[in-house]
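Structure first, commentary second.
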């Protein structure tokens, strides 16, 4: 399948998310499904912490389009199943989380892991194996500090492996810092970003808007699936 022609770069604050990325030592490119800001309301002010971009393997458009083409952007945005199909889809994903303000690695991973555990417990996938995976996940971040512009990359495979790498800018490192083989945890990481209780509603909206355009292109040119 060809990469959608309608794909564009996205800017989140001072962060640039290019339309395509190719990791080092790889011939495979990933396209930008969407990007948005993650923040919290603190004392009646929305404080922005991170810009998140979700990149996908090119076959994701045809895979998702089989079910979702023809839907409006608003319909996609309102459908949790659409986002769950992204999360659980049989294609690789590369998530880029770049910092807008300084974050301590331990504090960052504490909140992320709490959200992941809460989701896994709610859907009944949190067992001893996931508890061990969460411990590995936390250990990977314990010595990290993230100044503005630095990045965490999460590489997700359909089989359930979660690769973690850290960069002082937006450059994808050649080697992963850690690889955790646990599908419930891998899915939970993206679920907490774009699922039922998302940390980035802006990312969800970006995905819906952009995939609506990708699906229109797919309908106009069915050969794009080949």
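Numbering starts at 1 and runs along the chain as displayed.
Placement of Cβ uses the backbone N, Cα and C atoms for every residue, glycine included.
Residues annotated as substrate binding site in Swiss-Prot, with similarity to another entry given as evidence: 50, 115, 192. As annotated by Swiss-Prot, site 'Important for catalytic activity' applies to 108, with the evidence given as similarity to another entry.
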Grab the substrate binding residues from the record (50, 115, 192) and give me their largest CA-CA distance in Å. 16
Residue 108 (site 'Important for catalytic activity') and residue 50 (substrate binding site), distance between Cα atoms, whole Å: 11
To see if you understand the setup: which same-chain residues, six or more apart in sequence, place their Cβ under 8 Å from that of residue 115 (substrate binding site)? 188, 192, 197, 199
Near substrate: residues not in 50, 115, 192 with Cβ within 8 Å of the site Cβ centroid are 38, 111, 112, 189, 193, 199, 200
Per DSSP, three-state class assigned to residue 115 (substrate binding site): helix
Residue among the binding-site residues 50, 192 whose Cβ has the most other Cβ atoms within 10 Å: 50
Helix, strand or coil at residue 108 (site 'Important for catalytic activity') [DSSP, three-state]: helix
Where residue 192 (substrate binding site) falls in three-state DSSP terms: helix
Cβ packing number for residue 108 (site 'Important for catalytic activity'), 10 Å threshold: 19
